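A.B. asks: Structure incoming, see below.
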Amino acid sequence: MNVKELPITRSGVIPLLIIVQAIVLLPLWFFIPSWISATTIAILLGKYYMYRQGVHAPRWILLVVVLLCVGGVFLQFKTLNGRDAGIGLISLMYAFKLLEARSYRDASLILFISFFIVVTAFFYSEAIWMGVYLLIAVLAILLGLVALNSPQGAQGIGSLGKLSGVTLLQAIPIMVLLFFFFPRSSTPLWSMPTDTQAGSGIDDTMSPGSIGALHTFDDIAFRVDFDGEVPARSEMYWRGLVLSEFDGFTWFKDQHSPIRQELDLPMTQTYQYRIQMEPNNRNWIFGLEDLAEAPDGAYLFSDFTWNRRRQTTQRFIYSATAYDIDFSQKPLSELQLDRYLQLPTGSNEDTREWAQEQRQNHPSNEAFIRWILSYIHQNEFYYTLSPPVIEIDSVDGFWFDSQQGYCEHYAGAFVYIMRAAGIPARVVTGYQGAEYNPYGDYYIVRQSDAHAWTEVWLDGEGWRRIDPTAAIHPSRVEEDLRGDASSRDGWMEEFGADVGFEAPEGLLQNLALRWDAIQSFWSETVMGYSQDMQFGWLRKLGIERHQYRYLGYGLLATIILAGLIFGYFVLRSAQRLEPVTKHYLLLLKKLEKLGIPCDRTMGPKDVLQVTRATSQKTYAKAAPALKTYIALRYQQEAIDSTMLKRFKQQVSRV
Amino acid sequence: MNSPILPVLEQLNKVVLGKPFQVKLAVVCLLAKGHLLIEDLPGMGKTTLGQAMAKVFGLDFQRIQFTSDILPADIVGANIFDREKSAFEFHPGPVFSQLVLADEINRATPKAQSALLEAMEEQQVTVEGKTYELPHPFFVIATQNPTHQIGTYPLPESQLDRFLFKINLGYPDPALEKVLLKGESGRTKMPSLESLLDLETLEGLQKSVSDLTVTEHLLQYVMDLILATRQSPDFAHGLSPRAGLAIVSAAKAWAFVDGRDYVLPEDIQQVFVSAARHRLQSVKTSSASTIELIEALVKDVPVPA
């Protein structure tokens, strides 16, 4: 019985194929253009209709529709390459293959292709649910294969499902082995094209309202895993960008070049950490102040920020060290002084004049800074997410009229005043604070933690971080923001109080943190299992990088070993044969070797006759054995041991 | 050995020319106490075979010609009013005979067909509440025209199951047909046939057939074959346990005719196609006929070593 010759129209096979295709395509339908999704759904439904009607689509119609669809994909994407066009095209062709499937070969091709197409869903999402879903999809494909190779088709789907489930379970050890040992490439297997839609985060410009807008996003910006000591939350200033150009309304990042030589500044290591950054489609990455050595794939710029060459379109994991850098030995150059004192002319004149006036009363830089901060503290400055809109002269409008703003208002105004008073200053944007996840022992930084603060240059000390929002009187902080503000670095001790980390409260928050811990494990350890990680733990096993190729040999040896073990079991089951059976099979083999055309489907009498017809000489030798066999097997119920002995002797004589 | 059977075959082969295998199957069928179904075109010698067997085995013989208007009473008999005794008296029909030739059985309506088939199964006939035993031995040779011919009512599967074998006679060998045309065989020789056995001898033979040795090992082979028909996608359903019993008893009779007191896998192979072909229905996925599919299946199943 050859299953390959059975029609695939037998019960349930085609509906099962349709279901498998639907399961495989389902995640893609949410991402590919809707007309492609609709076409594939229509094809699957159409195939079901044709199956019920017992008809086939004429080949020429198929050809025309396929060509139309290829044209459609080309018009949509202007190419047939790349992720979106490729997956669009492949899902259409996949569905069309079902339309023309008529034989076992077609059906098995569809199922084996399914194993590859199922992976394409990872191009769009690497989340856990996708992994779980794809496992279910693999189970469905296996079920399809089992049903396709069952003579009864999909009948008894329960036992078929059990068989495919068991198969999947049996594959798990191999899967784990390959996951850990299969040599990884240093670059991802597939490179994801830029997806400009997704990802939010801090931009390289700052105008009133731009950071406040992020406060509503609960999305995770990155997760941090500290190695060893952990800083206080009020010290967690995650530096991203330095903005130093001001046009009267918006702050811009200015051009810096990467520092290529070794830093010659005296510095001490403070903290070690690992960041798992979510894609944000931007070049800059974040680090705990002060930033120095850039992680792999990024550069340190002269304003002590990190930039990557490419945008972060996939989850990016990097390790870094925080330093305490002593800038005091290296005064600012003329060029830098110009840059950090630059102010646009013809706007915000009131603030500039006010600052210069006040400067007369506080000749020392430090005293002036302290006075400005206490000015903010004592006057009616409010910290709010919904400040009045200021159309022009953003600093004047904020400082004298509204006195309400979010961190970007304070940071912008503070730097403006410092510069007006002749103190070099700049705006720094990034994130401040973090949420501790006790279940995974790491910290979560969200988009809502986005923050802007400032740095001023003090001769003899260097850059000093000043967070003007910390100076606002707590009573004038909007209730929603009180938590944020209270955790900030109070330069003036009286304003800042480290509230520490409270244990998570409430079931929902607990669950959320646990879920995040699982997600973090998934994306860092499973999806993010890279060549480096592999090298890392292989080294622990004593396999060095240069011994990597032995891994391949090891895998090969494992496969051979498995084959040998399998062979051993097969042999052992052969050895357990009854002695009569064993010797009769031996006899048949001998006869076959002697050129007697006999096989296992022939009875012993037929073998006897064939032997006589073929060779008298062999017949003379084999006949006694065959006759004894007949007597042993068919003339009496119980096996006579003396007869068995005779049979063995007779067989050995052949 | 078995001197009584060899002359029987010899005699029959004189009348039915060039069909030793079919003649042997017919004799085996009788020895295994089964009924025989012969399917062939008209004029292939079905009736001749039946008549010859009746004569050689010394059985009394009746022939029922089935037509589309035949009634059950025409087969089993009826109660007829006897004016002299002024009472109903049972007049047995042609079925009350040791060898019944039911000619063209599939030309009758299902009602008439089932009257005969019930008699075959029960070995008795019930008319108006009274049961009448049929004679012993009771052997039916039914003939039928190929079902695609006009005016046929195919027998349902449940009734086909009552027949031990279904065989075809087929066209004779051209050389032998020439002999037949010369008038030197066939029915012309019928009167010259002698009855070789009597009732007692036949029953004695039937008894010794059922006493033949069948080992566990052989039954395993039968089971393998039956299971193969059940698992094969070529057939709508597999063989029933009754079919298995039929195969074993037929194989015993075959071994007996071959002069052995034990059954070999070869005996199973010889009778398997004839015993299985009317009990299996091909799902018609391939162009091969049911017989070819069964032969392929036998070729596929290894004999237990």
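The backbone N, Cα and C atoms fix where each Cβ goes, and this holds for glycine too.
So TrEMBL lists the following for this protein:
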- A:12-45: transmembrane segment (TRANSMEM)
- A:57-77: transmembrane segment (TRANSMEM)
- A:107-124: transmembrane segment (TRANSMEM)
- A:130-148: transmembrane segment (TRANSMEM)
- A:160-182: transmembrane segment (TRANSMEM)
- A:399-470: domain 'Transglutaminase-like' (DOMAIN)
- A:550-571: transmembrane segment (TRANSMEM)
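Tell me what's around each of these sites.
C.D. replies: Listed by sequence, the residues of this chain that lie at least six past the ends of the transmembrane segment (A:12-45) yet keep a Cβ under 8 A from its Cβ atoms are 51, 69, 72-73, 76, 84, 87-88, 91-92, 94-96, 98-99, 101, 107, 110-111, 114, 117-118, 120-121, 124-125, 130, 133-134, 136-137, 140-141, 143-144, 147-148, 153-155, 157.
Remote same-chain residues near the transmembrane segment (A:107-124) are listed as 8, 13, 17, 20-21, 24-25, 27-28, 30-31, 83, 87, 90-91, 94, 97-98, 101, 130, 133-134, 137-138, 141, 144-145, 148, 190, 192 (criterion: CB distance under 8 Å, separation of at least six residues from the stretch ends).
Proximity of distant same-chain residues to the transmembrane segment (A:550-571), defined by a Cβ-Cβ separation under 8 Å and at least 6 residues beyond the stretch ends, is recorded for 177-178, 181-183, 538, 543.
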A.B. asks: What is the average pLDDT across the domain 'Transglutaminase-like' (A:399-470)?
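C.D. replies: For the domain 'Transglutaminase-like' (A:399-470), the model's average pLDDT rounds to 87.
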